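J.: Please read through the structure below; I'll follow up with questions.
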Amino acid sequence: MTSLTSADALTLYGETFASRVLIGTSRYPSLQSLSDSIAASRPGMVTVALRRQMTGGTAEAGFFDLLKRHAVPLLPNTAGCQTVAEAVTTAHMAREVFGTDWIKLELIGDDYTLQPDPVGLIEAAAQLVKDGFKVLPYCTEDLVIGRRLLDVGCEALMPWGAPIGTGKGVVNPYGLRVLRERLPDVPLIVDAGLGVPSHACQVMEWGFDGVLLNTAVSQATHPEIMARAFAQGVEAGRAAYLAGPMDARETAHASTPVVGMPFWHQDGGGA
């Protein structure tokens, strides 16, 4: 890693994190698979939910022991909440259980698309900020909603790339890039819809600050390998963004300039 990228840490609410990858902890085939994926991706944070469900019904005690062993900062979420009251209550319960003021605020407005409820999201975010939480709201790429969330005290946003669990990658590149361009100083972490490492690399090349992954890793045939691949994709995309990519052109442009005679003719032309 170059000095340029090594000095470039993710900063949220004044705190710095070692990685721009955030990993969810749901739906892994086993606790060992989850543990291996965390070790492979070395995430800055891992998300946890009070309503967590894991395939195989693994004991909760083992799950929390695993998290303590990896010593990665926890980001509780309000997954499954559909009302403001439910989200606020769940956030307060999560603070008591996990001992942290961090909260990933999820408030779903549609069961089919799992799209966030923008009105309820703003109301819940405002209340939780007043209650002392560091709120990371899961939202769409809607610029106006993003600004309203910032107005009520959120210091970072988590816009989706596509609906949760679809793996489609970014379905509205224009909207997501406009959000980045219009909010240049706000930490933006793409959350939901990414399916393969190239999706993560792409949004990092656009200047996004990080990605949150769950299904793309947990439902891969080999989660540990996929987790490592995503971490590498995020690192490559961020490095490319910092390097300053060339501008795309509509016409061809020779990479080697033609100046004077070919080198083999410059000394009399003979071999």
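Glycine too: its Cβ is placed from the backbone N, Cα and C atoms.
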J.: Given Swiss-Prot annotates A192, G193, N214, T215 as 1-deoxy-D-xylulose 5-phosphate-binding, which of G146, G153, G165, G244 belongs to that site as well?
T.: G165
J.: Could you name the residues, excluding G165, A192, G193, N214, T215, of the same chain that surround the 1-deoxy-D-xylulose 5-phosphate site, i.e. Cβ within 8 Å of the Cβ centre of those residues, in sequence order?
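T.: For the 1-deoxy-D-xylulose 5-phosphate site, the extra neighbours are A162, P163, I164, T166, G167, L194, L213, A216.
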J.: Would you give the longest CA-CA distance, in whole angstrom, between residues of G165, A192, G193, N214, T215, the set recorded as binding 1-deoxy-D-xylulose 5-phosphate?
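T.: The 1-deoxy-D-xylulose 5-phosphate-binding residues span at most 9 Å between Cα atoms.
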J.: Just to be sure I understand the packing, how many Cβ atoms besides its own are within 10 Å of the Cβ of G193 (1-deoxy-D-xylulose 5-phosphate binding site)?
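T.: A count of 21.
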